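One structure is given here, and the rest of the page talks about it.
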Amino acid sequence: MIRNKIKNKKSKSDYYSEISLEEEEDKEEEIKDKKVLSKEEIKENENKNEKIKQTQCPEDNASLFSKITFGWITKLIVKAYIKKSLDIKDIFDVPNYLKSNYTSKFLTTEKQTFKRNTKYSLILNIYINFILLKNKKLILIQFLRVLFTLLSPLILKLFIEFTQRIDSEKSIIEGIIYCGLLFFSSFCSSLVDEYLVWFGMITSSQVKSCLTCLIFEKSLKLSNSAKVKYNAAKITNLISIDVDNFSNFFWSNSVEIFFQPFQLIFLLILLISEVGWSGFVGTAVILISFPINSYFGKKTSDYYEKLLKYTDKRVSTTSEFINGIRFIKMYAWESLFLKKIEKQRKQELKILLERGLFWLGQIIIINTNSTFVFVATMVTYSLSGNKMKLETAFTAMNILDSIRILLIVMPYCYYSIMELIPSNKRIEKFLSTLEIQQNLQTTKNSNTISINNGTFKWKDENFEETDDDDDHDDDDDEGEKEIEGKEEKEEINNFIFENINFKAPIGKLTMICSPVGSGKTSLINALIGEIEKVNGEINGVPENISFTSQQPFLLSTSLRENILFGKELDIEYYKQVLDACCLVSDLTQLSALDLTEIGEGGINLSGGQKQRVSLARALYSNSDFILMDEPLSAVDPEVANHLFEKCIQGMMKNKTRILVTHQIQFIPYADHIVIIKDGKIIQGTYKELKDENGIDFESIIKTKNSNLNLNKTIKDEEEKEDKEGEEKEEDKKEMILKLIKINYSDELKEKAKLLVEEDRNEGEVSFKTYKEYFYYGSSNLFLFITLLVFLIGLIVNRLSDFWLTIWTEQSFKEKSQTFYIICFVSIFIVSLILIFIRYSLVAKIGFKSSKKLHDLLINSISKSPIQFFDSNPSGRILNRFSNDISDIDTSMIDMFSDTLEYIFAIVVGIFSIIYINPMTIVPFLILSMFYYQIFNIYRVSVRELNRCKSISQSPIISFLSECCNGLSTIRAFKQQSRFIGIMNDNIDKNLKCEFASFAVEMWISIRLELLSSIIVFIVSLFSLFNGYSNSALSILSVSTARSITSYLKSACRQMVDLERKMNSFERVNNYIKLPSEGSGSGVKSMEFISEKDLLNWPEKGNIQFNNVQVNYNSNSVPSLKDITFSVESNEKIGIVGRTGAGKSTIANCLFRLVECSKGSILIDGIDIKTIDLNKLRGSLGIVPQEPWLFSGTIRSNIDPLNQYDDEMIWNYLEMVKLKKLIIEMPLKLNSKIHENGNTTLSYGQKQLLCLCRCLIKNPKLIIMDEATSSVDFQTAETIKSVINENLVNNTILTIAHRLDIIIDSDKIAVIDNSKLIEFENPKNLINSNSKFRKIVNFQTKIQTN
C-alpha cells in the first residue's frame, strides 16, 4: 500500500516542471480562481474563527482584573438569566489545563504501580502529581488564609478597645480607620477563602478527569476473569461514587487538612494570651474531643465501605435487570427481580441507617464541641476570680468563633478522608486487577497463522487466588456463599485447550465446524489474545485484524458509523460493502437509510441484520486477517449464500479468513478445515479429512437435504423466473445505492434519531417539587415541627451571645457570678438537646424519602414499555439508580439541614442587629435588594449548568456500559485509542458544565463577600456613632455582622447546592411518573378479564391475527403490514422469510412487547389486549433469538421460581443434550453462571439452556425464535425429534432460517417485506410455484452444488 502511494507521488522537480509548462496558458484563469477561492477561504476562516471564539474559554483571554473578579463569566450568567435556561452548546469549552487528554497524563499505570501492600499509593501520587507539582498556589493561598485568620481577632480587639475610650479621647478618623480595617480583614479573609476554593476546584476537576480516564483505560485492558468480576455496573459505581469522593476531597480538604492543626495551635496561643491559663481548659476539651471524633470517623468510614459494597450489588442487579428487560418481560419475571433488588436495597438501607446513627453522633459533637470549648473557657475564667471584661469576652469569643469554624471543619476533613479510604481501596484494587496479555508473535513472510503446543484457559489463576473481595461476605445465604467459594476453587485450573496445534494458511479460507460447546469461539479468542495462554506459541498473526463476534457488538449510533468504525468514508467502497453484505434492501426498512440510529446493541435491527452490520464492519476495515464467529447463523439461506459468495469469497478473497459456522454446505469451498473434538484439533483440507480421517461430509449434507424434496418438473420453469427476479432485484439495488450520499438533509437526519434526548426540567425548582420530596418522607405537621425546632434552636444559640453581653455588663447587680454561669450552661444544654432533636427529625425524613423513592423508581421502570428502553440508553437509566439515588441517600438531607440552619441563622442574626440598633434597618433593606437581585441572576445560571452537568454525565455511563459489552471487538480492531478519545470528549463535555458552574459560584461569592464586608463596615460605623459606643450590645452587633458574612455566602451556596441535589430528585421523580406499558391508545378503553376467568387459559392454543399492523416508533416504517392468519390447537407452524422481514415482530406482538397499531390478536378467542400482561406472558413460552441468562446458578436459570425437583430438571437437560456437560461441572446444578453466561457456556449451549427453561415450563403455546441457530446440525436434528415427541399437545410457532427445522410443520408462514405472502401446508407450497418453493430450491441448490 505504501509502495503504491510512493509510486503515485510526483517528485518536486516534476511538479515544478509541470507548473512552468502550463504557467503562461493558465495564468489569467489561476488569478481569477485564486480571487474567488481567497474570498471563500476568508469567509470560511472567519466562520471558523468565530466558532472557535464562541467555544473558547473566555478565561484564556481575560484581563487580570477580570480574572480576579471573575468578570469573564458574566456574559454566560446574563445569557442564562435572559433565556431562563442553558443548553450544553451554549457553554464554552474547558481551558486546556482541565482537558482530559492533558490531565490523564498526570497519572498513568506505567508511572503508578498500584500494589496491594502499599497503602494509599493512589492518594499519595495524586498529592505529588496534582498539588506539589501542578498547583503550588494552593499552598501559598493557605498560608495567607492562616495569616488573615490570626489578624481578624486582633483587629477586633483594637476596635473594642477604641470603643471603650472616653469620648474626648476618640477621633472620628481613627474610628473610621478601625472600621475600614474590619472591612479590609473581613473582605481579604473571605477573598483568600474563595481563591482557595477556586484552586481546590481546579485540582478537584483535574483529579476527577484523570481518574475517570484511568478507570476507563483500565476497563479496556481487563482480562476475562477481571471482566466477570468488574461488570459495567461496578465500574459505573467506581466513576459515579468513588471518583466523586476523590473529587470532593481534593476540592475542599486536600491542603486544609495539613494547615488546620497549625492554625488551631496559633489560635489557642492567642486565646491563652487573652484569658490566661483558662485557655488550657478549652485546649483540654479539644484534645479530649479528638479521640471521640476519631472513633465516630472510623465507624462512619467502616459503614460507608459496607454501604458501597451493598450499593455495588444493588446497582449490578439493577443493571442486569435493565439490560435483560426484554427477556424478563417475556418470561414475566419482573417480580422475581424486584424481590432480589428489594432484598439488596433492604441490606443497603440497614447499613445506611446504622451509618446514620453514627452520622447523628458526629453531627452533634461537631456542632456542640466549639460551644462547649467556649463555655468551658469562659466559665473557668470567671470561676478563677476574673472579672468578665467586654474586650476580653468578645475578643475571646471572636477567637473561639474562629476555633469553632475549625472544630467544625476539621472533623469533616477527617471524616472525608476516612470516607475516601474505602474509595481509594476500591479504585486501587480495580487498577491492580490483571490485564489482558495479547502476546501474539508476528512472523514476517510466514505462510501460516499457527498455534504450537498451545495451552489456554479462561480463568486467570492469579486473579482468583488474590481476589478476596467481600462480595459474599455479608450475604444472608451462607449456603450460596459456600457453593460459590467451592466453585471458585474447583474452577481455577479449568483449561480449555492443552497442547493444541493449529494452523491457518495465509490468504486462504479456514473453516471451523464442530459440535456445540466444543470450543470454536474459544479458539477464535485464543487467536486474538482474549484468553490466557499458559504455554506454547502463537505465530504469524498480522497487526491489522477484523473480528465479528457471535453476539455482534453494535454501538447506539447510526448504522453507517457502526460500519465505518472510525474509518474515513469512501463512498464507493462503502456502497460495495453494503451490497456484498446484503444490506442494501434492508435500508428501505429503516426510516433514514444508513443514517438511522440502531439503538444500544442494535436494538432496532433483527438478529440477521446485526450480524451483517458486524460483517460489513469487518469487510470495510480492509484488514489482512478476518475472524468470523458464526456470522451466517441468523440469516436465511439466500442471504447466507450471498454473504458467502460476494463477501467471504468475494471482496474478502486473498485475505486470511477464519470462519466458524454450522452451515456445513459451504465446507467444500474451504481451503483448510478445522474440527475440534474433546479439546483436540483435527485439521486439513476437505480431501485430507475425508481420506485420512474418514469424515464423510457428503452424507451429512445429503441427510440435511433429505426432507427438502422438490418436484423436478417445476424446477426448470422457475429458472427463467429466478433470472428475471434477479434482474429486478439488481435494478432495485441500484436505485437504493443512488440514495446513499455523503451528506443528507436535516429532515432525514431528524428522522434518523432513535434515542430520545434526555428529559430535563426547565426553570427554577418549584415549591411543588420540594413539597413532593417531603411528601415522600413526612407529613405537613412533621415538617412544620422540624422547621420550628430549627428556628428555636438558632434563637437559643443567639441567646447565648446576648447572655454574654448581660454577663459582661453585670446587668443584674444583685446576682452572683454563679447565677450567670448557671444560666449560661443551661442555655448550652438546651441548645444541645435541640440540636439532637432537629437532626434526628431531619434524618428520619431523609431515610423515609430514600426508601420510598427507590421502591417507586424500580417499580415504575419495571412497568415501562419496551420502547422506553429502546430509546433510552441503559447507562442513562442506570444513572438514576447509581448517581441520583446516591445523592438522595447521602447528600440531600445534609444539604437540607445545612440550608435551613444558615437561613435561620441569617434571619435571627439580622433581627438581633436591628433590635440592638434600629437605624441599621435602612442599609439592610438596600443591601438586601442588591443581594436578592445578584442571587436571582446567579441562581438561574448555576441551576441550568447543574442540569446540563447531570445530563452530560449519562453519556459517560452509557458509553462505558457499551464498551464493557464489546471489549473483545474493540481490542481486536485495536480501537482502544479511538474509544478513549470519545470518552475524553464525553468527560470534557461534563467537565465544562462543572467548570462553568464553579466559575459562576466564584462570581457570586466575590460579590457577596463585598456586600457582606460592607455590612460589617456599616454596622461598625453605627456602633461607634449612634450613642451606644460604650454598650456591649453594640460590640455584639459587630460580632454578629461578622458571623452573618460567612452565613450569607454559605447560605447562598447551600441553597444552590440543594437546588442542584433536587435535580437528582427531579430526574428520579420524572421516571417514577413514566407511563406504564399497556396504557397506550386502544388499551385503556378495554376492560381486563379477571384472572379467575382465565385460570386455565389458554386451554386450546388457538391463535388468530386480524389485519395486524405494527410500528415500533412513530418514525419507523411498519414492521408488519395487514397480517391475517389463524393457527388451530396443537398445530406446528414454521415461519420463514428474509432476515429483517418481520418474523420476530410476530413474537413481540404475541407478548405485547409492542402493541398493534392496527388490528387485533386473539388467543383462544380472547383479545390479548384484555388480558393482564403478567398473566399473558406467564402463560406463553418462548426461546428467544438471543439467549439470555442471569447471574445465579444453572438451576436458578432453568427454574427461577423453584417449582421443579432436580430429577425433572436433569430429564429436561438430557433432552436438550446438556446433561453430560453439566454433570461434569464440580457443583452440577449449583454451578455458578455469571451475567449472561459469559465465560461459562458457549452461545449454542446458552440457546439450549433457554430451550430447556421453556420445555420444563411446558406452556400450551410456545414460540421458538431461531432456537437452534447456533448449534450443529446433528444436535438440532436430535432436539427437533425431542420436540416432536414431547410437545404433541402444544401449539408451536417456530421461526427459523434452517428449513430442515420447520419442513415437517403443519403449515408454513412466509413473511416478505413485512407482509404475510403465503400460509399453507409445506407440501402444497413445495409443489406449487410459491415463494417458499424458491427458498427451498435455493437452499437445496447451494447444499448440493
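Cβ atoms here come from the backbone N, Cα and C positions, even for glycine.
Now, the feature entries from Swiss-Prot:
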BINDING   Gly1137, Arg1138, Thr1139, Gly1140, Ala1141, Gly1142, Lys1143, Ser1144  ATP binding site
COILED    21-55  coiled coil
COILED    709-739  coiled coil
COMPBIAS  462-481  compositional bias 'Acidic residues'
DOMAIN    135-419  domain 'ABC transmembrane type-1 1'
DOMAIN    775-1060  domain 'ABC transmembrane type-1 2'
DOMAIN    1103-1338  domain 'ABC transporter 2'
REGION    460-488  region 'Disordered'
TRANSMEM  139-159  transmembrane segment
TRANSMEM  172-192  transmembrane segment
TRANSMEM  246-266  transmembrane segment
TRANSMEM  268-288  transmembrane segment
TRANSMEM  356-376  transmembrane segment
TRANSMEM  402-422  transmembrane segment
TRANSMEM  776-796  transmembrane segment
TRANSMEM  817-837  transmembrane segment
TRANSMEM  906-926  transmembrane segment
TRANSMEM  1008-1028  transmembrane segment
Most Cβ pairs under 8 Å with the transmembrane segment (139-159), selected from 172-192, 356-376, 402-422, 817-837: 172-192
Structural state of Gly1142 (ATP binding site), classified by DSSP into three states: coil
Listed in sequence order, residues not in Gly1137, Arg1138, Thr1139, Gly1140, Ala1141, Gly1142, Lys1143, Ser1144 with Cβ within 8 Å of the centre of the ATP site Cβ atoms: Ser606, Gly608, Asp636, Ile1311
For Ala1141 (ATP binding site): intrachain residues, at least 6 apart, with Cβ closer than 8 Å: Ile1311, Asp1312, Asn1313, Ser1314
Beyond the flanks of the transmembrane segment (268-288) by 6 or more, those residues with Cβ under 8 Å of it: 150, 153-154, 157, 369, 372-374, 376-378, 380-381, 384, 386, 392, 395-396, 399-400, 403, 407
Model confidence over the domain 'ABC transporter 2' (1103-1338), averaged pLDDT: 86
Residue, out of the binding-site residues Arg1138, Lys1143, whose Cβ gathers the largest set of other Cβ atoms within 10 Å: Lys1143
Contacting positions for the transmembrane segment (356-376) when only residues 6+ beyond its ends and CB under 8 Å are counted: 281-282, 285-286, 289, 292-293, 296-297, 299-300, 303, 397, 400, 403-405, 407-408, 411-412, 415, 797, 800, 824-825, 828, 831-832, 835-836, 839-840, 843, 847
Criterion met for the transmembrane segment (246-266) and the transmembrane segment (402-422) (at least three Cβ pairs under 8 Å): yes
Cβ contacts of Gly1137 (ATP binding site) (under 8 Å, same chain, 6 or more positions away): Asp636, Lys1143, Val1310, Ile1311, Asp1312
Spatial neighbours of Gly1142 (ATP binding site) that are distant in sequence (at least 6 apart) but have CB under 8 A: Val1110, Ser1119, Leu1120, Ile1311, Ser1314
Tertiary contacts of the transmembrane segment (1008-1028) (same chain, 6+ residues out, Cβ under 8 Å): 159, 162-163, 172, 175-176, 178-180, 182-183, 186-187, 190-191, 194, 913, 916-917, 919-920, 923-924, 927, 930-931, 934, 1034-1035, 1037-1038, 1040-1042, 1044-1046, 1048-1049, 1052
Within-chain partners of the transmembrane segment (817-837) [C-beta distance under 8 Å, separation at least 6 from its ends]: 360, 363-364, 367-368, 371-372, 375, 378-379, 382-383, 388, 789, 792-793, 796-797, 799-800, 803-804, 806-807
Cβ-Cβ under 8 Å with the transmembrane segment (776-796): same-chain residues at least 6 beyond its ends: 827, 830-831, 834-835, 837-838, 841-842, 844-850, 852-853, 856, 897, 900-901, 904-905, 908
Remote residues contacting the transmembrane segment (172-192) - C-beta distance under 8 A, at least 6 residues beyond either end: 141, 144-145, 148-149, 151-152, 155-156, 158-159, 162, 1005-1006, 1009-1010, 1012-1014, 1016-1017, 1020-1021, 1024-1025, 1038, 1042, 1045-1046, 1049
Number of Cβ atoms other than its own within 10 Å, given for Gly1140 (ATP binding site): 26
